[in-house]
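*Asks:* Pasting a structure below so you can have a look.
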Amino acid sequence: MSLVGYDSETDSISSGCCAGLSGGCAASEKADLKNYNGSATYQEIPHCTTEMQGYDVEFEPPLESKYECPICLMALREAVQTPCGHRFCKGCILQSIRDAGQKCPVDNEILLENQLFPDNFAKREILSLTVRCPNKGCEQRMELRKLDTHTSQCLYATVPCRDCNKQVRRSHMNEHMANQCLRRLIICPNCAGSIIFEEVKTHEEECPLANVMCEYCSTELIREQLKSHCDMDCPKAPVLCTFSSFGCPEKMQRDKLAQHMQEYTQMHMHFMAMSLRSLSLTTPSHMGPILQSDSSEFHFDPAPPLTGPCTMASPISASGAAGGQTPSHCDCDQNRQHLQETIHQLESRLVRQDHQIRELTAKMETQSGLVGDLKRQVRVLEEKVNELEAQQFNGIYIWKIENFSAFLRTQEADQPVVIHSPGFYTGRPGYKLCLRLHLQTPSVPRCANYISLFVHTMQGIYDSQLPWPFQGTIRLSILDQTEGPVQQNHEEVMETKPDLLAFQRPSMPRNPKGFGYVTFMHLQALRQREYIRDDTLLVRCDVTPRIDLSCIRREGFQPRGLESSM
């Protein structure tokens, strides 16, 4: 019997069904043997819903022809005999009788289903034969009856991944689940939340702690701060004029608002005067009938020149031009004259306040400039001091996290806590690094209530003199602050992996990719020893760089020969 190559998935399915079929039909076969006497009352042999052919496996030595089914030409599965002495697979002969008629496929003798009887002797002989594992690469040999057990455990069998349903060899399943499965869970380096690998891009677009750029000023900040930055702080964000409620339609960048306020002060005063006029004309209730009857005699210029205060035509001259007034209207004239004087006084006060505002604005801009210069100088000095301090650590850095109880309360409220340490150098010259600590919230799967600790590379002043990627050993510790000779620090040691982005030369002030432990220490363990003292947690980082001399290339270098003395 010649055999061809097999698909391992098909083989494992076909071989895996043999035990189930034999067990499920054993009771019926015994009943068939007991009742078979050629009588008309003999019951039909029960059969499984899915008709199965013979065993399509490779036998060693090759299968004898007496154990082959004449229909499927494979090893007999659930062998049955006919009254004419021929053997068939149970499923094959039942299907043949139903499709080709009630006759034996070999000699065309009349054959009914109730005339078939199990051949248990042939069945035992076949199940005792030696077969090879059908999975490609597996060299195991066993009896046919043990094939089902072997294939269920064979490391060369392909099985579906429980997450992505991809067919993977059983021996490669752990590697697939850890590094290749598209549905595997990974930890977001920004918020430390668990996400599915194929949804990384979607999460990066929504992560509240991801680094983003302001579209107006290109400042880098985390996403949850972006709205507040644009609404309150961004100097390039578009804003409305402060006098927009009075009618100013201008819209400009926030850093140009002060200039606009200074250049268009007269126009803003005009808008305010118009608003005050409307209030003066509508607010006094006892003057309503007078203003309604004689409002046509007032004329306000909607666009007075910006070089002087707003002007208004004299109501007395306007009334005289209208053709004279009788003495009965003297009270109305006095009221109009009083209103006109009030408006002129308000306009005068606006002009004086305008000059005062301009003077105060000029002083404020001068003071703001001086304060800004001082702040920049202080910031530069602080950066220089921090840089000098960072160079003194020589690879041993102790990070003091003060007010730690406040961070714990935030974590208990199911809000993420992310803290970055100041930078420190591994030597002079050396690499610049920093630490990042997360307090995982109670709702995070797999790492709830854990302290996560990571190391990030930073841009330093010695980067151009050092080989990249960074290589070395890093020891992370949370220090036990118990007084006495016995202290139990919680420590982990890791070796850098040069192929990771976390150890490449950073292209921004702090490399967004970190390397460390998601489950560094459980928060419950902090209470077992005095890891927190005076509301301060101490985290120590020991870094031992390892210089790879093969990375240092000095092209074109020729050693200089010795010279004879003069």
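Cβ atoms are placed via backbone N, Cα and C, with glycine included.
TrEMBL does not curate its annotations; it predicts them automatically.
Annotations for this protein, taken from TrEMBL, read as follows:
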| type | residues | note |
| --- | --- | --- |
| COILED | 336-391 | coiled coil |
| DOMAIN | 69-108 | domain 'RING-type' |
| DOMAIN | 149-191 | domain 'TRAF-type' |
| DOMAIN | 202-257 | domain 'TRAF-type' |
| DOMAIN | 394-543 | domain 'MATH' |
| ZN_FING | 149-191 | zinc finger |
| ZN_FING | 202-257 | zinc finger |
*Asks:* By a Cβ-Cβ criterion of under 8 Å, what residues six or more beyond either terminus of the zinc finger (149-191) are in contact with it?
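*Replies:* Result: 8-9, 11-12, 15-16, 133-138, 140, 142, 197-198, 200, 203, 207-211, 222, 416, 418, 445-447, 452, 454, 512-514, 518.
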*Asks:* What is the number of residues in the domain 'TRAF-type' (149-191) that are helix, strand and coil, as DSSP sees it?
*Replies:* 14 helix, 9 strand, 20 coil
*Asks:* Please spell out the DSSP helix, strand and coil residue counts for the domain 'RING-type' (69-108).
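*Replies:* So the domain 'RING-type' (69-108) is made up of 11 helix, 8 strand, 21 coil.
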*Asks:* Per-residue pLDDT averaged over the zinc finger (149-191) comes to what?
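*Replies:* Average per-residue pLDDT within the zinc finger (149-191): 91.
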